[in-house]
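Taken from TrEMBL, the feature signal peptide applies to 1-23. If you look up TrEMBL, you'll see 25-326 marked as domain 'Plant heme peroxidase family profile'. Residues or ranges marked as disulfide bond by TrEMBL: CYS35-CYS115, CYS68-CYS73, CYS121-CYS322, CYS200-CYS232. The site 'Transition state stabilizer' annotation in TrEMBL covers ARG62. Annotation comment: TrEMBL describes HIS66 as active site, proton acceptor. Residues annotated as Ca(2+) 1 binding site in TrEMBL: ASP67, VAL70, GLY72, ASP74, SER76, GLU88. If you look up TrEMBL, you'll see PRO163 marked as substrate binding site. The feature heme b binding site is assigned by TrEMBL to HIS193. As annotated by TrEMBL, Ca(2+) 2 binding site applies to THR194, ASP245, THR248, ASP253.
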Amino acid sequence: MAFPRNSLAGFTLVLALLPLCFSHYLYPQFYHHSCPRVEEIVKSVVAKAVAKEARMAASLIRLHFHDCFVKGCDGSVLLDSSGSIISEKGSNPNRNSARGFDVIDDIKTALEKECPETVSCADILTLAARDSSILAGGPEWEVPLGRRDSRGASLSGSNNNIPAPNNTLPTIITKFKLAGLNLVDLVALSGSHTIGFSRCTSFRQRLYNQSGNGAPDLTLDQSYAAQLRPNCPRSGGDQNLFPLDFVTPAKFDNLYFKNLIAYKGLLSSDQVLFTKSEQTMQLVKLYAHNLELFFQQFAKSMVKMGNISPLTGKRGEIRKNCRRVNTNN
Ligand code: HEM
């Protein structure tokens, strides 16, 4: 195509092509005209929820992760079962564990009042995760926007793509790689285990029978293990809760990495970052000694995770209710 010599025609052409250039990319100003107060509204609802329960910040960050690792960041994790849709909420990583759905509903309700059928549930999750980081004392970053919502869910994707706490380090690395994330992203993003809780069932194996020989995990500090056992017995107490960072459980800081160096990581998937690879061990040490660097990388990796295969342009839809697909299309 020849570029018009006439400067007005050239300018008009550029203007005409602009939406095309942007339509398949995410960018922070996506709702600038269609819903200028979107960020303010998301922030205020998240702030209220976190003021009521500090843990909600952790739960919302995790929800975004569990969304993005299954078919990309498309709000699929939010869908309830109905018709042909089998909800991801029943998957192994999510069952009795994923939370924060009511907060996303509250944000959606507020946004449907302000600018109906405009802001996707996938973007709400992404913004809520960023706001949660800030509210817990973690880093802030600009959020690229413009994701659209899926018309389906994937239970098998949720079961298979999201790493499990007893996965080996190579398996975890592979699952991140499949999502387009590297070792640096893995270590930095695992740093969000500096807030929030785990159930006993997610780490019990380490306390009693790590490798099937009836012995505890020797990479778990034995006095810390002794403190964990009373509330996480050999059987029963599956849902009992333990802070992922026992030193500063509600503060987004780098104590998580310091704990790993002291062999006091709660999940096996946490501790292996320090014990099973020289490269990840160096990153753990780096972030333990340099909060600033951890925050910078966490912000970068969250944006990268948020960019996993979004639906843009005419793909997907803007759900009116985050729990179900729209019926009229
Ligand atoms: C590296 C692989 C990962 C594994 C194996 C893993 C596993 C887990 C497990 C087992 C729990 C506790 C769930 C329960 O017992 O109910 C948990 C909690 C959590 N995870 Fe991860 N996770 C990983 C990576 C991530 C990433 C990438 C993020 C976010 C960017 C994240 C954020 C969180 C948060 C914030 C919590 C606490 C949630 C709450 O208190 O409600 N995790 N994770």
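Cβ coordinates are placed from backbone N, Cα and C, and glycine is handled just like the others.
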Cβ under 6 Å from ligand 1: which of the recorded positions CYS35, ARG62, CYS68, VAL70, GLU88, PRO163 qualify? ARG62, PRO163
Can you work out the mean pLDDT of the predicted model over the domain 'Plant heme peroxidase family profile' (25-326)? 98
Nearest-integer angstrom distance between the alpha carbons (Cα) of THR194 (Ca(2+) 2 binding site) and CYS35 (disulfide bond): 33
GLY72 (Ca(2+) 1 binding site) CB neighbourhood, other CB atoms within 10 A: 22
How many neighbouring Cβ atoms, not counting its own, are there within 10 Å of the Cβ of ARG62 (site 'Transition state stabilizer')? 24
Neighbourhood of the residue listed as 'heme b binding site' by C-beta distance under 8 A, where only residues 6 or more apart in the same chain count: LEU244, ASP245, TYR256, LEU266, LEU267, ASP270
Here the Cα-Cα span from CYS35 (disulfide bond) to ASP253 (Ca(2+) 2 binding site), rounded to a whole number of angstrom, reaches 33
In sequence order, what residues of the same chain, 6+ apart, have a Cβ less than 8 Å from the Cβ of CYS121 (disulfide bond)? GLY75, LEU78, ILE104, LYS108, ASP149, ARG319, CYS322
If you rank the binding-site residues SER76, THR194, THR248 by how many other Cβ atoms lie within 10 Å of their Cβ, the lowest count goes to THR248
List of residues, in chain order, with Cβ under 8 A from that of VAL70 (Ca(2+) 1 binding site) and at least 6 apart: SER76, VAL77, GLU88, ALA153, SER154, GLY157, SER158, ASN161, ILE162
